[in-house]
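Reading through the C-alpha cells given below for one structure.
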Amino acid sequence: MESSEEAAVEKCRVHLRPGTLRDAARATLHLLPCEVLVNRPAPVDRFFTPAIRQGPDGLEVSFRGRKLRGEEVVVPPGLVGYVMAMEEQGEVSMEKDFSEGDEREEQERAEPREALERDFDQFIGAIASFSRFTLWGLETIPGPDAKVRGALTWPSLAAAIHAQVPED
Amino acid sequence: MLLLVYLSASLPRGGHGGGRFPPTWPSIPRLGGLDPWPLGEVALFLRPGQAGAQPRGPGHGAGSGVHGPRESGAGAALQATGLFILQTNGLRLEALNPAAPTGGASGTPGRSLEGDPAHPVPPKELGGRPWELQFPGSRAAGVSVAAAETSTVAGASGACPGHRLVGSQSRFGAGGKRAPRTAPVDLVLAVGGGGRDGMDFSELDRDNTGRCRLSSPVPAVCRQEPCVLGVDEAGRGPVLGPMVYAICYCPLSRLGDLEALKVADSKTLSESERDRLFVKMEKDRDFVGWALDVLSPNLISTSMLGRVKYNLNSLSHDTATGLVQYALDQGVKVAQVFVDTVGLPETYQERLQQRFPGIEVTVKAKADALYPVVSAASICAKVARDQAVKSWHFVEKLQDLDADYGSGYPNDPKTKAWLRKHVEPVFGFPQFVRFSWRTAQSILEKEAEGVIWEDSLTGDQEGPGRIMSYFSKGPRTHPRLPHRYFQERGLESATIL
C-alpha cells in the first residue's frame, strides 16, 4: 500500500477478509504457458481435465491445438496458496470478518472503523486455496528451472534475510 | 456362455435344449469396424468358464475320435470342441497370430491344423487362449445360430491370440438344406473376444488424442512371395476428424485376383460400395493384408502448430514410410511400392527410394486410380476414416453436441456452421477439430478470446534504441531493472493491486 504518493497514484486501500482464508475450498489449478486475454470462468472440467493424458514422461494435454507437457508443483511447506478475488464495489462489507480477524501474515490490520467504506476502500477475499498445482510448459516439461519454481523459493530467502540477527 | 455356430440344417432343434432361433442379433458383439454388420456375418463369443466341451449333434458320433488324448482340463475340452467343429465342417485351423510377432522367420506363420481325427492337436495348442472360427468366402441365407447345450469347461480362461478356422465350402452346410452357393454364409466364432476381424477401433476409442495403428493379420503367402504394396490416405483435407494412412499388399502373383475384386479409387465409390469392397478384401485375407495409421486431429494440430512446425506433407511422408517399414518388420516380402503422391512426386519418390533401397518405389499423382493395390489401400483408408468419424468419441464433455457437421471439408457451409456453433471462448474447439486449419483459426480469431503464447512474442519489447540516443548529452536513461535474482524468477514487486 502506497499512501505517500497520493498525487501520482489513485488512492486505494485494500482490506482482506480474513474469514475467507479459513473457509476457502481446495481448487485444482493449471498454470498455462500462455496468456488468455480474458478473465472469466472457463469450463476446465469439460474441456481440459478430460483431455489430460499420462505420457511416458509426464502429463500431456493440448490447448488451442498446441501441445503442453506438465508436472505437479507443490507449494513449499509453511505456505498456502490462495485464489483471491476483489469484491465488486458497493458490495456490503461484512463487519464480522473484521471482528474475528486475527493476525495473519498477509493481512492488513483493519483501519479504524470510521475510516472504512470510503470509495477507495476495497476488499479482497480468498475464493479457493491450494497446496499444489499443475505447471504446464509449451511442448516441454517446465522442469526444475521453471521460473515459477524459482519464485517459490523467494519466501524462504526473504524470511532468512529479514530475520533478526542475534546481536552478539 | 459358449455359443457354437452351426448351420441350422446340421442341428436337430430338439437336441439342443431348444436352441434359440432366430439368434439374438442385437446382443452379438461387434467384431469388426463395419456397421451394420454385412449381411451374413455372424460373430459369437465364447466366454471362458462356461464353454462346452462336447456339443451334441449330428456328426458327434463320427467325430468321437477327434477328441484325441483324453486329457482333463480346459485345454482338452476346448480342443475337443474345436476339433469337433473342425471335423464336422471340414475346416482347418490357422494361427492368425504366431507366437513370435516379429519377423517372418520366427514363429510359425500360417501354421495349419487340420481337423483330422488321426492327428489330434495337443491341448496346449488350443487351450487357454481365444480362438476364432471362420468360414470365409461365403454368404448367408437360411443360416441359424444355436446356443448349444454343452457341458461346462471349468476355468477355460484365456486366450490364444487369434486362431482362425478356415473352411472349404464343400462340406459346409452338410446334412440337410445346403445353403445356396450364391448366398452362403460367413460364420465367425470367437472365444474370449479376441476380435481381430475387420477394423477393431477399441484402441482408438480408448484414446483418440494421438495416433493409432490397426492392421490385418499378415497372410502367410506374403511372407514367402514377393509382394506389391500400395499406400494411400484419406481425410487429408477436412478440418474435422482424423487423417488415415493405409497400406495394402498382396503377392505379385495374386495381383490379378485383387484386380478381380474390381477395386477402384475410393473417391469414385459410394460409401456402401467401399464397405462392400473392404468386406471382399477381408474375405481374401489369405493373400491380401493391410495396415493403417489413424492420425488424430489433435496430433495433426499439435504437429503443425509446434514450436518447430511439422507440416502436413512431412507428417504424411513419415507416416507412409512408417507403414512400409511396419510391413517389412512384420515379415512381408515387399518388392514394389506404389504411392499416391503428396507434394511433388519426384522428391517424394527419391526420398522413399533412398529409405528403401531394395524396393522398387513408384510415386505418382492419381496412383489410387492407376494401380489396384493403391485403390485397395485407398478403400481401407476411407473405410477407416468414415468409421472413425462416425464413431468419434469426443474427449470433451460437450453439451448439446450437434452431430451434423457435414462433410468436414472447410468449404462446406454445414461444416463452417458447425465450427461456429461449437466455439468455446477460452478453449476454442473440441479436439475433433484441426486447430491448424485456416478455417478454424479465422473463426477463433473472431469468436474466441485472444491467446498470447510465450513463443508468439516477437522481440518488440526492447527494440533497438534510436541512433540519436547514443549522442545525447544527458545520462542514458535506462529503467532501473530489478536484480537478476528477481528477473530470473519472474518476480516483480507490487505496490498496488
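For all residues, glycine too, the Cβ spot is worked out from N, Cα and C.
Note: TrEMBL annotation is automatic and uncurated.
Residues B:Asp232, B:Glu233 are given by TrEMBL as divalent metal cation binders; from B:Asp318, B:Asp329, B:Asp340, B:Asp386, that same site also lists B:Asp340.
TrEMBL assigns the feature region 'Disordered' to one of the listed ranges (B:96-121, B:460-485), namely B:96-121. In the predicted structure, the domain 'RNase H type-2' (B:226-449) carries a mean pLDDT of 91. Excluding the listed site residues B:Asp232, B:Glu233, B:Asp340, the same chain places B:Val231, B:Ala234, B:Tyr245, B:Ala246, B:Ala320, B:Val339, B:Val342, B:Ala367, B:Asp368, B:Val374, B:Ala377, B:Ser378, B:Ala381 with Cβ atoms within 8 Å of the centre of the divalent metal cation site Cβ atoms. Of all Cβ atoms in the shown protein chains, 26 besides its own fall within 10 Å of the Cβ of B:Asp340 (divalent metal cation binding site). Ranking the binding-site residues B:Asp232, B:Glu233 by C-beta neighbours within 10 Å puts B:Asp232 at the top.
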